[in-house]
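Here is the structure we will look at.
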Amino acid sequence: MSAEGYQYRALYDYKKEREEDIDLHLGDILTVNKGSLVALGFSDGQEARPEEIGWLNGYNETTGERGDFPGTYVEYIGRKKISPPTPKPRPPRPLPVAPGSSKTEADVEQQALTLPDLAEQLAPPDIAPPLLIKLVEAIEKKGLECSTLYRTQSSSNLAELRQLLDCDTASVDLEMIDVHVLADAFKRYLLDLPNPVIPAAVYSEMISLAQEVQSSEEYIQLLKKLIRSPSIPHQYWLTLQYLLKHFFKLSQTSSKNLLNARVLSEIFSPMLFRFSAASSDNTENLIKVIEILISTEWNERQPAPALPPKPPKPTTVANNGMNNNMSLQDAEWYWGDISREEVNEKLRDTADGTFLVRDASTKMHGDYTLTLRKGGNNKLIKIFHRDGKYGFSDPLTFNSVVELINHYRNESLAQYNPKLDVKLLYPVSKYQQDQVVKEDNIEAVGKKLHEYNTQFQEKSREYDRLYEEYTRTSQEIQMKRTAIEAFNETIKIFEEQCQTQERYSKEYIEKFKREGNEKEIQRIMHNYDKLKSRISEIIDSRRRLEEDLKKQAAEYREIDKRMNSIKPDLIQLRKTRDQYLMWLTQKGVRQKKLNEWLGNENTEDQYSLVEDDEDLPHHDEKTWNVGSSNRNKAENLLRGKRDGTFLVRESSKQGCYACSVVVDGEVKHCVINKTATGYGFAEPYNLYSSLKELVLHYQHTSLVQHNDSLNVTLAYPVYAQQRR
């Protein structure tokens, strides 16, 4: 059975420093089991940022080693099903010529390819095929400043070049061979590979980028991403990297060898792409791809970044005068189960050293996330919990989250990560929030609620409209790309017909000239002209469609930008509206009045509440408070009940309660926090003085504002129907 995992590619060489580490070589492919990251408390999406994870434990597919490696030394490739390896089929191998038979150069040209696939030529720690490395080193040593390099053909024939390539890499001496022969052997090597260095699978995407993206900077970034994609096997990627470094080195001395990026791309793009496999109409676009790859310095290796720290275990935790025995729930900087968006809002425009702690998004018991402001950005640091100890990384040494935070309020986090040279200076206090509601009377607050709700609805409608346009445009772009491919095939068919007709027309025209049959000659010429005209029409239609596609692709990106710019406003408006609504609810404003300010007429809306009813069964706590019942008993009590049926029980989490409610026919559970400010499902909503007050509020207010999967109200106490 296969398991899910993630693949990474090594960007730098790393020599292991500890027994549990593994060596890395540039281009190595590594696999990490998803379960190992989940066990450490990382959520979906974080695997794409290995530098934030720190040290990963995985398997080096290139060397066969298993162990720890630094996340700062690798890049994320994508997901992968991990299963037992299957033997890779060998490429076709040519039959040897029978002894005594003679072969001409033409015979050699027709011979099947002699070189093995790139995947079979590389073995760690090679950064490219050994034969290719030897050729390039010899060429750079002899001909780096040669003005005729790669442009003058040597006197060697094809058979001699292939004989050179067939030699044993270790024994062959290239010192005495002319540089032009080496250059021709280099070209022949690229042509004799079973598959081009740049696989045909990425041709169409490269061409689409060249046609659709107008910004050169954006084009380079997208091209980099495509070149590093899993579509290019890592042996091919390493070879391409090596070739680009060679071409870049040649272009650096173009004043002497006359080989600038453009000239090199014109010479080698047919060999790297194999134009016979691509449309000749796209030749210029493919040349442009190679020119950009050579011209930009993205392929040059940067110095390796700092290793993620493995801090030594502290001998003792200094007593800093703070209360390490304080409950986490009472800590002003602990916000419980709030979203990342809310955290970003609270830390917006704050000073370096501002911080807060929330529950980890993985919901694993005991794991938390510290969000710290550093360098104008939010840094997310996982707080791990194992065997009663807490910490940022192994070994875990602190007895509580409070003790951990207090330690780093006096000590720099550079102990943990050299890039985080800052202390936890300014806690974002849940007790000293900015007063959002500035007005001092109910009527004024109600008017502001109406204003914010109107703005929120307008923004929501705008976002929905953009989303529909985004989806429609995406579908149209795909249809146009398909149509362009169909045009290309149609043009190819018509051109073949045109060539066939042209070939046979010459014979018939000569025949009819001898016979003096002018009418038949005119008919043949007329048919030929009609065919050429039809080809021109199709080419014009394709050109217009390509122009439309380019414009629509630009619109598509603009829509995406606008949607992303609206999201923060939408979140902030909803948050502000909810705070005004909560203020009014706490002041005892009746629901009918709230509905007027919210403009609600549909009673099914989450804010359109039923009329206040003094006879609600919710007033009797015995109808819903079941005391110390556990999760299984709660599910048995609620099984088969209608949506909105609920109960409240004591939670396994010390000092808290749990609410169990039926949603879409299933029983869901959520924690009710008990804090110094009151009961609630999450900050800043822990404001209800009793469980009864909380239940009465959510009798008419949906839980969806706290959890998207809980679109339900606490409508029916579990024992209410039995008591009627």
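Cβ atoms here come from the backbone N, Cα and C positions, even for glycine.
Straight from Swiss-Prot, the features:
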- Ser2: N-acetylserine (MOD_RES)
- 3-79: domain 'SH3' (DOMAIN)
- 80-109: region 'Disordered' (REGION)
- 84-97: compositional bias 'Pro residues' (COMPBIAS)
- 113-301: domain 'Rho-GAP' (DOMAIN)
- Arg151: site 'Arginine finger' (SITE)
- Ser154: phosphoserine (MOD_RES)
- Ser279: phosphoserine (MOD_RES)
- 333-428: domain 'SH2 1' (DOMAIN)
- Tyr467: phosphotyrosine (MOD_RES)
- Tyr580: phosphotyrosine (MOD_RES)
- Ser608: phosphoserine (MOD_RES)
- 624-718: domain 'SH2 2' (DOMAIN)
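In the three-state DSSP classification, Tyr467 (phosphotyrosine) falls within a helix.
Arg151 (site 'Arginine finger') is surrounded by 14 other CB atoms, counting those within 10 A of its CB over all protein chains shown. Rounded to a whole number, the distance between the Cα atoms of Tyr467 (phosphotyrosine) and Arg151 (site 'Arginine finger') is 53 Å. Of all Cβ atoms in the protein chains displayed, 13 besides its own lie within 10 Å of the Cβ of Tyr467 (phosphotyrosine). Reduced to three states, the DSSP call for Arg151 (site 'Arginine finger') is coil.
A 10 Å cutoff on Cβ-Cβ distances gives Tyr580 (phosphotyrosine) a total of 22 other Cβ atoms nearby, all chains included.
Taking only the Cα positions, the spacing between Tyr580 (phosphotyrosine) and Tyr467 (phosphotyrosine) is 28 angstrom.
Summarising model confidence by region, the domain 'SH2 1' (333-428) averages a pLDDT of 85. Secondary structure at Tyr580 (phosphotyrosine), as computed by DSSP, is helix. Summarised by DSSP class, the composition of the domain 'SH2 2' (624-718) is 19 helix, 30 strand, 46 coil.
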